[in-house]
Amino acid sequence: MFLHGTSRVNEQGHLEIGGVDVVELAKTYGTPLYIYDVALIRARARAFKEAFQRHGVRAQVAYASKAFSAVAIVQLAAEEGLSLDVVSGGELYTALAAGFPPERIHFHGNNKSRDELAMALEHGIGCIVADNFYELELIEELAASCGRTVPVLLRVTPGVEAHTHDYILTGQEDSKFGFDLNNGQADEAFRRVMASAAFQLLGVHCHIGSQIFETAGFVLAAQKVFAKLAEWNKEHGFVPAVVNLGGGFGIRYTEEDDPIPVTAYVDCIVEEVKRQAEACRLPLPEIWIEPGRSLVGDAGTTIYTIGSRKEVPNVRTYIAVDGGMSDNIRPALYGAKYEAALANRVFGEPTEVVSIAGKCCESGDMLIWDIALPEAKPGDYLAVFCTGAYGYSMANNYNRLPRPAVVFVENGDAQLVVKRETYEDLIQYDLPLKTKVKK
Ligand SMILES: Cc1ncc(COP(=O)(O)O)c(C=O)c1O
Ligand SMILES: N[C@@H](CCCC[NH3+])C(=O)O
């Protein structure tokens, strides 16, 4: 078992995070419970920023809030001097409600609605990452109606397809996102944006995938982006102010994962951008990245209470917890793997191999297959590690399970930052059936 950040085992054999006993947190706030190690998030944010500072380049590290969006995490991102990537009106609303500086917000998405774009313009957000021709039309209309020029990046698909541990070249990019670099779409988008007074073209954005462990895909993406920028510079005199190479930096969920340090991604990105800018005789643009998972993933731990046990003789033992695919859909959706421990007996000797089942009415609702644990009894607490990214943000109310609370811990202090949903919350938008009027 690998303890991340400030996690340790205290004298009672309990898991402690941020100087706070997790068993006490479970008793106070109930389970399932998401716990975030704030010091670890700060450390990750600083590592990214300092890596750029060491190179002496202008850069923005934008937290991709899709990984975990809530007022408190957005405020923490602001405190740490990050920028923010939002991908919907809801994420934008959260950011604005949290008081995040609008000029440091970047708005993504492959189908932003007119209302979402109007909201972004009204609040003067930093830039819109324009994804498609329909969106360019909407922005143009909105800009005309409010007499504004809108800062945009063009999202391009570079024909680099990144997989978890691998990347392959695709001649023809098959993606719902962005303007294809290879088939003329990106050129057409560039011409339209340059021809219209509605836009201020800052530069180009691309994002090659998520949970990537190698730097080669980023290098290749940078090369493809600069090849296009060089063309646009030569033919139209365009000088990009910004190149955004997205997020996707991998983290360690289990011992099968072997991520490189965040600094290694930054080093390779900066070096390649410098090399390319020089080769294309372009001034060095500001470099933007958008990490989500690598800022918050391993800072999150979910605590469950163990309930029922079912033996299938000679096959396996199922241990059920009080959450599941409703608070962590990643195992069901991607076959994602996690490590876990009994939070109230962390270093108890493993005595059996069990499989951790969620409580949703789906056979596929399994959190972990075949994990060695000390004998788990009803009422024990299970800690599942590295649930900080795409856990709460993809949580749902399947089977009408209320979404768990979220607690931040730091320096021995715990703060509730998202309340647990109640049954009343679950039916708050339900309306009763209309009574039929008898004739
Ligand atoms: C455009 C964009 N930027 C940033 C991210 C963040 O990715 P990750 O959480 O893997 O760093 C994503 C998600 O994959 C994305 O689609
Ligand atoms: N939600 C995914 C990653 C998608 C990232 C957003 N483009 C995950 O949990 O791994």
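The first residue you see is number 1, and the count goes up from there.
Glycine is no exception: its Cβ is also placed from the backbone N, Cα and C atoms.
Remember, TrEMBL labels are computer predictions, not curated facts.
According to TrEMBL, the protein has these features:
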| type | residues | note |
| --- | --- | --- |
| DOMAIN | 34-388 | domain 'Orn/DAP/Arg decarboxylase 2 C-terminal' |
| DOMAIN | 40-296 | domain 'Orn/DAP/Arg decarboxylase 2 N-terminal' |
| MOD_RES | Lys66 | N6-(pyridoxal phosphate)lysine |
| BINDING | Gly248, Glu290, Pro291, Gly292, Arg293, Tyr390 | pyridoxal 5'-phosphate binding site |
| BINDING | Arg293, Arg330, Tyr334, Glu362, Tyr390 | substrate binding site |
| ACT_SITE | Cys361 | active site, proton donor |
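Overlay of TrEMBL annotations on the structure.
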residue : record                              : DSSP (3 states)
Lys66   : N6-(pyridoxal phosphate)lysine      : helix
Gly248  : pyridoxal 5'-phosphate binding site : coil
Glu290  : pyridoxal 5'-phosphate binding site : coil
Arg330  : substrate binding site              : helix
Cys361  : active site, proton donor           : coil
Tyr390  : pyridoxal 5'-phosphate binding site : coil
### Query
Where the distance is taken from Cα to Cα, which of the recorded positions Lys66, Arg330, Tyr334, Cys361, Glu362 turns out closest to Gly248 (pyridoxal 5'-phosphate binding site)?
Lys66
### Message
I'd like to confirm something. Which of the recorded positions, Arg330, Tyr334, Cys361, Glu362, Tyr390, has a Cα closest to the Cα of the residue listed as 'N6-(pyridoxal phosphate)lysine'?
### Response
Tyr390
### Query
How many angstrom lie between the most widely spaced Cα atoms of the substrate binders Arg293, Arg330, Tyr334, Glu362, Tyr390?
27
### Query
Cα-Cα separation of Glu362 (substrate binding site) and Tyr390 (pyridoxal 5'-phosphate binding site), in Å?
20
### Query
Among the recorded positions Arg330, Tyr334, Cys361, which ones place their C-alpha within 10 angstroms of the C-alpha of Tyr390 (pyridoxal 5'-phosphate binding site)?
Arg330
### For Arg293 (pyridoxal 5'-phosphate binding site), nearby residues of its own chain (Cβ under 8 Å, 6 or more apart in sequence)
Ala67, Ser210, Gln211, Gly247, Gly248, Phe249, Gly250, Ile251, Ala389, Tyr390
### Summary
Whole-Å Cα distance, Arg330 (substrate binding site) to Gly292 (pyridoxal 5'-phosphate binding site), is 15
### Task
Let me know the model's mean pLDDT on the domain 'Orn/DAP/Arg decarboxylase 2 C-terminal' (34-388).
95
## Note on the structure
Spacing of the two Cα atoms, Gly292 (pyridoxal 5'-phosphate binding site) and Tyr334 (substrate binding site), in whole angstrom, works out to 17
### Cβ-based isolation winner (fewest other Cβ atoms within 10 Å) among the binding-site residues Glu290, Glu362
Glu362
### Query
Relative to ligand 1, which of the recorded positions Arg293, Cys361, Tyr390 have a Cβ found under 6 Å from one of its atoms?
Arg293
